[in-house]
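The Zn(2+) binding site annotation in Swiss-Prot covers 111, 148, 152, 211 and rests on sequence analysis.
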């Protein structure tokens, strides 16, 4: 039986939060009881420190809040909640939203257009999400909007802009950059060979180093079996940075399931 941290708290608010139900999503079932307990402790603190702001009529209940907090804290389970400093609000639309985008082309001309976004992470501002894509982040598919945006926040701790290199020791930067760009090249080669829809990794990862880090962070936590075999050196760097090994968790869970199945009479 898990000794859940909220069960020993005197606070009625903490006791009322549906953490056990929130943990029931497929993405979190590979965690050990100890990891789940630690994750809930971080998520409780996250909800105390951050403000979740529903927009455009979206209804935010306690279960949704708990699951959002758990997904935010999964990448920093071993790093610590202080890695999520730098923002205080999470804005949540009910669905993908339209924003005005401004960009400069190769010859210096500035263009303006309206585009549909799933999420945004401002360096000195809030994280913006949408509930439809948050729901799609509960499974183990390789897609996770919250982890993607958290990865951008972790990335910018290393400098003024997202570069694809998180805050790691200086001696490791060159190796990280080498392996990250090699992964981008391999992903692009696969796209050219089989097309975007058939590629094993989301094509967005090949667009730019910062997006590669964010996309591969999604796969690291939600589809490690697709990330690790294709990019073993970069996988080890991610394990070292996040101080977690989701593939080992997956194998442990599969072994447990296999053992249980063979002992059913």
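Cβ atoms are placed via backbone N, Cα and C, with glycine included.
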Local Cβ density at residue 211 (Zn(2+) binding site) - other Cβ atoms counted within 10 Å: 20
Other C-beta atoms that fall within 10 angstroms of the C-beta of residue 152 (Zn(2+) binding site): 20
All-chain count of other Cβ atoms within 10 Å of residue 148 (Zn(2+) binding site): 24
